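Student: Pasting in a structure now, in structure tokens, and then I'll have a few things to ask.
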Amino acid sequence: MLLAIDIGNTHTKLSLYDDRQQLAGWRLATNGERTADEFAVTLAALMRSRGLEPARITAVAICSVVPPALVPVVTMVRRDLGLEPLVLGPETDTGMPVAYENPRELGADRIANAVAARAEYGAPVIVVDLGTATKWEVVSPEGVYLGGAIAPGVAISLDALFGRAARLSRIELARPRRAIGRSTVEALRAGVLYGYAGQIDAVVDRIQSELGCPAPVVATGGLAGLIAPESRRIQHVDPHLTLKGLRWIYQRQRERARRVQDPGAGGGAGRGAG
């Protein structure tokens with residue numbers, strides 16, 4: 001059983017896979033001060049709430065954009081599970097060529113999203129990740145990661161707005177009833193939801209123009225389900241895309257190890273293994 005862990009700026013997502021089937025998944029607040037002991041206790045409690053035991057985990061794959069939060073997780077995996085985790089980084093063989101000028105600048109979550117999108121939806125493909133930052137990832141018709149775009153996310157923008165506008169109160173994000181808000185809450189919701197949907201579509205249009213060919217658009221991230229219905233370009237919502245990318249990359253590593261051990265063995269990790 002594979003444990004995939006995506007440590008993001010705001011949330012840490014965990015998913016258990018038995019081959020391609022997701023057995024369970026959880027979302028935790030990312031905390032750079034959480035210790036290995038705390039993470040071990042939390043993981044055990046979450047798994048046992050689903051009738052699963054940590055001893056069933058046979059492999060762990062991790063991507064992280066928060067280095068202080070990564071260290072205790074790796075420590076826990078090595079100490080409590082007795083496993084060496086696959087930590088996605090610039091040297092990891094993902095099976096996807098990267099055209100980025102400096103691949104070391106590329107966030108692990110971005111390449112995981114691109115790998116999963118190519119595997120699940122084919123190439124070319126565009127990913128829109130609606131998390132702490134809004135990120136667009138682009139895979140060419142040849143399956144090469146080309147790069148993308150990054151903008152402040154919804155939460156960052158709202159924090160800046162509320163921090164600078166003393167008369168505005170924080171709101172719960174929800175789908176607006178109309179574009180012409182008849183209260184401050186309605187106006188904020190309309191501006192955020194329709195504004196970000198328009199931003200997504202505008203950047204996608206420019207990307208499509210540069211690609212010179214149509215490409216499916218896949219949304220992921222915590223706000224994808226809320227914003228995607230207001231977009232004219234998003235065609236798919238896949239909330240577990242980053243975790244799926246970790247699964248595809250792990251499967252590629254596993255198949256490569258098997259071929260090294262048994263050069264006569266065939267098989268592969270499928271279309272997304274590259």
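The chain as shown is numbered from 1 upward.
Glycine is treated like the rest: Cβ placed from N, Cα and C.
Automated prediction, rather than curation, is the source of TrEMBL annotations.
In case it helps, TrEMBL gives these features for our protein:
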- Asp6, Ile7, Gly8, Asn9, Thr10, His11, Thr12, Lys13, Thr132: ATP binding site (BINDING)
- Tyr100, Gly107, Ala108, Asp109, Arg110, Thr184: substrate binding site (BINDING)
- Asp109: active site, proton acceptor (ACT_SITE)
- Asp129: K(+) binding site (BINDING)
Student: Using C-alpha atoms only, work out the spacing between Thr10 (ATP binding site) and Asp109 (substrate binding site) and round it to an integer in Å.
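Tutor: On Cα coordinates alone, these residues lie 13 Å apart.
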Student: Calculate the distance in Å between the alpha carbons (Cα) of Asp6 (ATP binding site) and Tyr100 (substrate binding site), and round it to a whole number.
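Tutor: Distance between the two Cα atoms comes out at 22 Å.
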Student: Rounded to whole angstrom, what's the largest C-alpha distance between any two of Asp6, Ile7, Gly8, Asn9, Thr10, His11, Thr12, Lys13, Thr132, listed as binding ATP?
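Tutor: Answer in Å: the longest Cα-Cα distance is 14.
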Student: Could you state the CA-to-CA distance between Gly8 (ATP binding site) and Arg110 (substrate binding site) to the nearest Å?
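Tutor: Gly8 (ATP binding site) and Arg110 (substrate binding site) have their Cα atoms 11 Å apart.
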Student: For each of the binding-site residues (Thr10, Thr12, Thr132), count the other CB atoms lying within 10 A of its CB, then report the residue with the highest count.
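Tutor: Ranked by Cβ atoms within 10 Å, first place goes to Thr12.
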Student: Just to verify a number: CA distance, Thr12 (ATP binding site) to Gly107 (substrate binding site), in angstrom, no decimals.
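Tutor: So the Cα of Gly107 (substrate binding site) lies 15 Å away from that of Thr12 (ATP binding site).
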Student: I need the least crowded one of these binding-site residues (Gly8, Tyr100, Arg110, Asp129, Thr184), counting other C-beta atoms within 10 angstroms of each C-beta.
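Tutor: Thr184, out of the binding-site residues Gly8, Tyr100, Arg110, Asp129, Thr184, has the fewest neighbouring Cβ atoms within 10 Å.
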Student: According to DSSP, which kind of secondary structure is Arg110 (substrate binding site) found in, if we only use helix, strand and coil?
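Tutor: Looking at the DSSP assignment, Arg110 (substrate binding site) belongs to a helix.
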Student: Do me a favour and check the Cα-Cα span between Tyr100 (substrate binding site) and Asp129 (K(+) binding site); whole Å is fine.
Tutor: 18
Student: Rounded to the nearest Å, what's the C-alpha distance separating Thr184 (substrate binding site) and the residue listed as 'K(+) binding site'? Just drop the number here, would you?
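Tutor: The residue listed as 'K(+) binding site' has its Cα 28 Å from the Cα of Thr184 (substrate binding site).
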Student: Please report the DSSP secondary structure of Thr132 (ATP binding site), reduced to three states.
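Tutor: Reduced to three states, the DSSP call for Thr132 (ATP binding site) is coil.
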Student: Given Arg110 (substrate binding site) and the residue listed as 'K(+) binding site', what distance in Å do their CA atoms have, once rounded to a whole number?
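Tutor: Spelling it out, the Cα of Arg110 (substrate binding site) and the Cα of the residue listed as 'K(+) binding site' are 9 Å apart.
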